[in-house]
Amino acid sequence: MRILISNDDGYLAPGLSALADALSAIADIVVFAPDSNRSGASNSLSLDRPLSVQRAANGFHFVNGTPTDCVHIALTMMDAPPDLVVSGINNGQNMGDDTLYSGTVAAATEAYLYGIPAIAFSQVNPGWAHIDAAARVAREIVERRFDKLDLPFLFNVNIPNLPFEQIGPLTPSRLGRRHQAEPVIRSQDPRGREIFWIGAPGACRDAGEGTDFHATAQGCVSITPLQVDLTHKTQLELLRGIV
Ligand code: MN
């Protein structure tokens, strides 16, 4: 098995090396990751400047671009497509509405758009606590192969920050929902100019049973199959009736 690994926290992130270490035991791995933290980059491509690929001492490739750039370049440069693309392990959860902003999910989505199965992995809490346990969980998920599913698949996985023995079972979940994000934080730079920081994500609005929020709150590993079609099919039918 050949696996392409990316992330959005950058090529130096502990979650990336933990994932690469865990998967190198069961597959040939290739790593293409951003040269800096690009969390929140979503599915953006860099079209306003050239990109370059460099290679770190540990063999990881790093790119001065977004997670989507990394996977896009890697899939174009590799002589044969990988069997699987994985992203992460992200420094914090990507659940509910987070998935739209996430660079971790975006890296996996780019592979999915190329027809390659892909899995995005995130730890529920930032800070890398129990990252080795999360990497072991990720390896076990990859080893399942999911042969019975239609290819390609796009999975969003969130893993609680717990010791391996305390992590609950893999739990198929739907995305929950969040309230709208907290307001921007208004501040001043040292020269007295007004600046803004993007605020925190909103609190959970739908964290009920069956959601990713609910599964991980129970200590389980949430796995959500994603799709890319944004069409609102009910409204499309209604629109056809009135236009
Ligand atoms: Mn991130």
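Cβ atoms are placed via backbone N, Cα and C, with glycine included.
TrEMBL does not curate its annotations; it predicts them automatically.
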Given TrEMBL lists ASP8, ASP9, ASN90 for divalent metal cation, the same-site residue among SER24, SER36, SER39: SER39
Would you report the average pLDDT that the model assigns to the domain 'Survival protein SurE-like phosphatase/nucleotidase' (3-181)? 97
